[in-house]
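Provided herewith is a single structure, encoded as structure tokens, for subsequent inquiry.
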Amino acid sequence: MENFITLNPIKKINGTIYLPGSKSISNRALLLAAQSVGATRLINLLDSDDTRYMLAALLQLGVKYKLSTDHKICEIKGVGGSLQSKNTQTTLFLGNAGTAIRPLIAALSIKSHNIVLTGDMRMKERPIFHLVDTLRQGGGRIEYIERDHHLPVKLYGGYCGGNIVIKGDISSQFLSAVLMMTPLASKNTYIEVIGSLVSKPYIDITLSVMRAFGICVQHDKDYKFFYCEGNRIYKAPQEYVIEGDASSASYFLAAAAIKGGTIRVLGVGKNSKQGDIKFANILERMGSIITWGDNYIECSKGIMLKSIDIDVNDIPDAAMTLAVIALFTTNNLPMILRNIYNWRVKESDRLHAMATELRKVGAIVSEGYDYLHIVPPVQIQSAFINTYNDHRIAMCFALVALSNVSVTINNPKCVCKTFPDFFDRFLSVGNNL
């Protein structure tokens, strides 16, 4: 793939898409399978940069696994307890894979000594203070190597559980990371969440995967308090099927909502554990026609595609797709996306990046501390889109090609983080004739 890709105007949209495995579920399942008693066969594993970083780290930690030729099935033999480095000078490099590095920091804070975890330049910019502080409360000995509150870090073990307080308003990945290692701690763990919990559906994913591996966490209905017994062990479920990625589904469902025709995505459905399936409900509220099945969601264009004012804190990834859909709304009202501060601590500062790139194609955008106010253009303009090495920016701006102008996307290879063949799949449901 070249350093850019130009998508010419797409005239029609129609087809069926088999979704790649969920990134969030894939890396959670890999980590828990690695720490389980017994062997697990993971089916529909996502093959992407993020999962490859996790697999490489597990290999360095002595975990044995076997991948199918297409990397979508992984047979992994658990170590039956906490992960620990076999080498006192181990360094794990995890790129910009937040779903790998944060859970691994937590998992390795129990027993590992003198192990360093680091990432690429963007990952080093993403603060991890709240996770490190939480682990230190439980006895974890963690040292910042280059600058406070950021990667790289060196771990010296020591985490044992107990009473923990964690902020919930920065990233749900911090809470997920701590939750996944609570049963392996020597003490029972009581967690209190301070502030509003962002991206709550991702905590539901964590709890669901933990249940599949034999561990149930108690919590109140508001997700303010969690309790898990220590000195327990994960048990391999023998086989675990990973859902399709609901965030990735958003681009294809949006395409049908914008252009017409019908798109069916397979791999997620009405019983999905992923919060981003709520994206389909939002499309329906905006005027699209949605049909649900046990393992599919189908979208067709409605009479009008309406802008709305909505809190999208629960679906931060799919909400980016809504920002681009705003370009195509026809009810003469702005699209307002609220409660999205955590966009700023993702693979890029997504709030600023999205505002910048939307303006290039003609939208009038107001960027607030935690919101975007988007007025669609009278005529969408052709533009060269910077992706900031952010896979989701690249994928959602592909939707601009559903207008009557082309769009050129810089660094399309960044989609390898979660959806390596995205552009091929996207063009497969389009027709330029």
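From the backbone N, Cα and C atoms, a Cβ is placed for every residue, glycine too.
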Looking at the phosphoenolpyruvate binding annotation from Swiss-Prot, with K23, G98, R126, R350, R392, K417 already listed, which candidate in Q60, Q84, Q173, Q274 is the matching residue?
Q173
Could you work out which of the binding-site residues (S172, Q173, S199, N342) has its C-beta surrounded by the smallest number of other C-beta atoms within 10 A?
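So among S172, Q173, S199, N342, the binding-site residues given, the one with the fewest Cβ atoms within 10 Å is N342.
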Relative to the Cα of R28 (3-phosphoshikimate binding site), which of the binding-site residues R126, R350, R392, K417 has the closest Cα?
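Checking each of R126, R350, R392, K417 against R28 (3-phosphoshikimate binding site), the shortest Cα distance is to K417.
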Are any of R126, S172, R392 (the binding-site residues) within 10 Å of D317 (active site, proton acceptor) when you go C-alpha to C-alpha, and if so which?
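Neighbours among binding-site residues, in sequence order: R392.
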Measuring CB to CB from K23 (3-phosphoshikimate binding site), give everything in the same chain under 8 Å that is also at least six residues away in sequence.
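Result: L46, S48, D50, T51, T99, D245, S247, K417, T418.
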